[in-house]
Amino acid sequence: KSANPQWREQFDFHYFSDRKDMLDIEVWRKDNKKHEELLGTCQVDITALPMKQTNCLELPLEKHPGSLLMLVAVAPCTGVSISDLCVCPLGDPSERQQIAQRYSLRNSFRDIKDIGFLQVKVLKAVDLLAADFAGKSDPFCVLELGNDSLQTHTVYKNLNPEWNKVFTFPIKDIHDVLEVTVFDEDGDKPPDFLGKVAIPLLSV
């Protein structure tokens with residue numbers, strides 16, 4: 001019940017150079033669980049923003065009254081990667097030795113913020129729910145750690161998809177929980193939920 005809402009939320013998006021350069025933003029209002037109305041949209045051209053500084057943007061909403069105030073910072077992406085299983089970043093023994101040294105007991109206090117990192121190999125899913133009328137699904141997998149989110153490609157018309165991807169996350173809080181969710185891609189509609197598993201980092 002506000003025409004001037006303040007959210008004060010922060011989100012980290014991993015922007016890779018092969019992705020599109022526009023950040024799309026939508027503002028919605030909700031009356032109840034069933035009724036939603038689009039209050040406006042706006043776009044931010046990421047390539048036009050200066051690097052390594054916080055940019056204060058006041059963005060007018062297209063075709064609707066009002067504007068959105070945002071702080072956007074574009075910084076080099078450190079510690080986050082997606083790769084194929086055959087080129088796994090930790091596959092090299094000398095690299096493993098360097099990492100073991102970096103996180104050894106005597107180096108514990110060298111960089112307090114560098115807690116460590118998590119590498120996740122997403123191999124496959126088995127016997128997924130059929131979300132389409134044809135008895136198939138178009139599954140993809142989303143990994144979330146804190147406010148970091150990465151996802152696999154979609155495997156179409158398959159209940160036993162193989163992704164074979166390796167994801168690397170920097171760890172910001174040892175008490176975080178890795179959430180792995182499988183969705184069914186549904187064209188322009190929101191994806192259908194196919195299942196989820198939560199793994200506390202302290203259990204690894």
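Each residue's number is its place along the chain shown, starting with 1.
Placement of Cβ uses the backbone N, Cα and C atoms for every residue, glycine included.
Each residue of the domain 'C2' (1-59) gets a DSSP state, and the totals for helix, strand and coil are 3 helix, 26 strand, 30 coil. Positions annotated as domain 'C2' by TrEMBL: 1-59 (among others).
Here TrEMBL flags 93-204 (among others) as domain 'C2'. When DSSP labels each residue, the domain 'C2' (93-204) comes out as 16 helix, 47 strand, 49 coil, counted as helix, strand and coil in that order.
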